[in-house]
Amino acid sequence: MTRSNVVAATRTVPIDVPEYVKHRGLIDWVARIAELTEPDRVVWCDGSQQEYDRLCDAMVEQRTMVRLNPAKRPNSFLALSDPSDVARVEDRTFICSEHRDDAGPTNHWVAPAEMRATLNGLFRGAMRGRTLYVVPFSMGPLGSPIAHIGVELSDSPYVVVNMRIMTRMGRAVLDALGERGEYVPCVHSVGRPLAAGEQDVPWPCNPTKYIVHFPESREIWSFGSGYGGNALLGKKCFALRIASTMGRDEGWLAEHMLILGVTSPEGRKYHIAAAFPSACGKTNFAMLIPPKGFEGWRVTTIGDDIAWLKPGRDGRLYAINPEAGYFGVAPGTGEKTNPNALATLRENVIFTNVALTEDGDVWWEGLTDTPPARLTDWQGNAWTPEIGRETGRKAAHPNSRFTAPASQCPSIDDDWENPGGVPIDAFIFGGRRSTTVPLVTEARDWIEGVYMAATMGSETTAAAAGQQGIVRRDPFAMLPFCGYNMSDYFSHWLALGEKLAAAGATLPKIYCVNWFRKDADGRFAWPGFGENMRVLKWMLDRIDGRGEGVEHAFGVTPRYEDLHWAGLAFSPAQYAQVTSMNPDEWRAELALHAELFDKLSARLPDALAETKARIEKRLGG
């Protein structure tokens, strides 16, 4: 049984509300969007396997996806996007707060009334010839006090099937929402309406793209893209941009962080949250396998990308992974770099923009040392290693992705769906720096840790001989994802630390790491990957009050003898290469920090400028 229709501008659009939907506000909102966008029909997604299979079959028929060889990759698919729709579009991403200063200088801002007028024009009739899918989803385990619900209205079946993997999606969410529950409304269209009888294309999209957030009303509108974070609105749009503003208002944190558990041979368990910008090995670190010399240690994965953290009754910060799947970058993922990720991808995966092998499996750069002799590349063209060498063309797009259920990860933590979250013992912040920043530093206190995170960055270009690469500052790895003024975000971190300390809680320790120092020959000086466990163990020793280290201008760094070296031949001279600090380089670095602070000066917390002055004084000169 269904109920309710709405009369659109040109025809009646059946809303077809299932009897189990009791939320009048939700029904009315769906009706308003249907009236605006004029879809042929409305489908309320129940999240079932049958629904998923039906939509995947339809997309195979539509040539949006290819079914992979069931013997090689059971129940898995490859989607190839339009070449113009392959990544997040930061320059088309807007934070439309009521006041421009609330968005701040690091976000694109348009006045809300002006943006709403633009969106109304774009969305009017945008879903003609298509189906509007109502996608109810929970970010975090249903019923968790840390979780929040969203509803995405989308005309893309690709979005529906990916959201089923990436979130808890379906009827159970509507049941939890009840008659008056709160939800974040998300509207998405690929922006390509179909005329009567018009043949659809495999990957519909529009050259005009808008990814828009209204922080005060907690709304998300996305137009023109069917890809990734532009279209899966639970991910960066909700889980970071909107959730960060919710956290600011309500006293919690939404962070671009992995969460991992570490259990010692004695059974002591620790929980770490870590923020790294893109291309810095976040997923690899989340799924780390302890190296030789660490028998009896276990690292488990709670999340690989996003963390929501709320203060518990004991004053500690408790974190959940709000996602239910991994939307990971495929290139560079291989048996050497991340065997746990590869094992996660054995079945039930949607791959996007990777290459197709002759026997119906997938391949990407970094999966194997030697590419197959013949492939179909991400644009559907024949590809051979010779073509790659001659043209520089990659078989898989550099931002090609996999969407896989987190439950399939061999290293998944037993508490990954604990509704109460896990207590965080430490935060790690890291960037990709070939010089200057040492392997690991412990901040003296919360304020200096916030300073470290606020000034972190990664090199964006290959460094010329003897020169440092251009450093892109990415505070807290949140530059593209903070939904409000970055200076206010720093203040929020500082205030939360004060609040937790006032409640008598032991604050998480804060560390800065850099796995990417290079030697004189331009080679990475630290082996990285599983060997990062050696740094992690030192942090755990410090948490327990056991670890030693040497104090310097910025905090505490371990001496050679403070790390556990069993199973790795790494000399004191090699260690000096990754931990040395050049005062001249650091004076130049602090001058770059000043440039960042100048940009954010209007609301920059005094504590950060004071911390910078203290560090300069310690550094001398």
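First residue shown is number 1, and so on along the chain.
The backbone N, Cα and C atoms fix where each Cβ goes, glycine too.
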**Study point:** Annotated companion of Arg88, Tyr227, Gly228, Gly229, Asn399, Ser400, Arg401 at the substrate site, Swiss-Prot, chosen from Ser48, Ser138, Ser144, Ser278
**Key:** Ser278
Point to revise | Swiss-Prot annotation (region 'Disordered') - matching range among 391-414, 415-438 | key: 391-414
Check your understanding: Counting every protein chain present, what is the number of Cβ atoms, excluding its own, within 10 Å of the Cβ of Lys236 (Mn(2+) binding site)?
Key -> 24
Practice item. Would you mind sorting out which of Gly228, Gly229, Asp305 (the binding-site residues) have a C-alpha within 10 A of the one on Thr283 (GTP binding site)? Key: Asp305
Exercise for review: Determine the Cβ neighbour count for Tyr227 (substrate binding site): the number of other Cβ atoms within 10 Å of its Cβ.
Suggested key: 27
Practice item. Count the residues of the compositional bias 'Polar residues' (400-410) that DSSP assigns to helix (H, G, I), to strand (E, B) and to coil, and report the three numbers in that order. Key: 3 helix, 5 strand, 3 coil
Practice item. Enumerate same-chain residues with a sequence separation of six or more from His256 (Mn(2+) binding site) and a Cβ-Cβ distance below 8 A; give 'none' if the list is empty. Key: Leu240, Ala275, Asp305, Ile306, Phe476, Ala477, Met478, Phe481
Check your understanding: Using a 10 Å radius around each Cβ and counting other Cβ atoms from all shown chains, which of the recorded positions Ala279, Cys280 yields the largest count?
Key -> Cys280
Check your understanding: Are there residues of the same chain, six or more positions away from Asn399 (substrate binding site), whose CB falls under 8 angstroms from its CB, and which are they?
Key -> Val86, Ala87, Gly228, Val329, Asn353
Practice item. Based on Cβ atoms within 10 Å, give me the single least packed residue among the binding-site residues Arg88, Arg401. Key: Arg88
Practice item. Consider the binding-site residues Tyr227, Gly229, Ser400 and say which one has the Cα lying nearest the Cα of Gly281 (GTP binding site). Key: Ser400
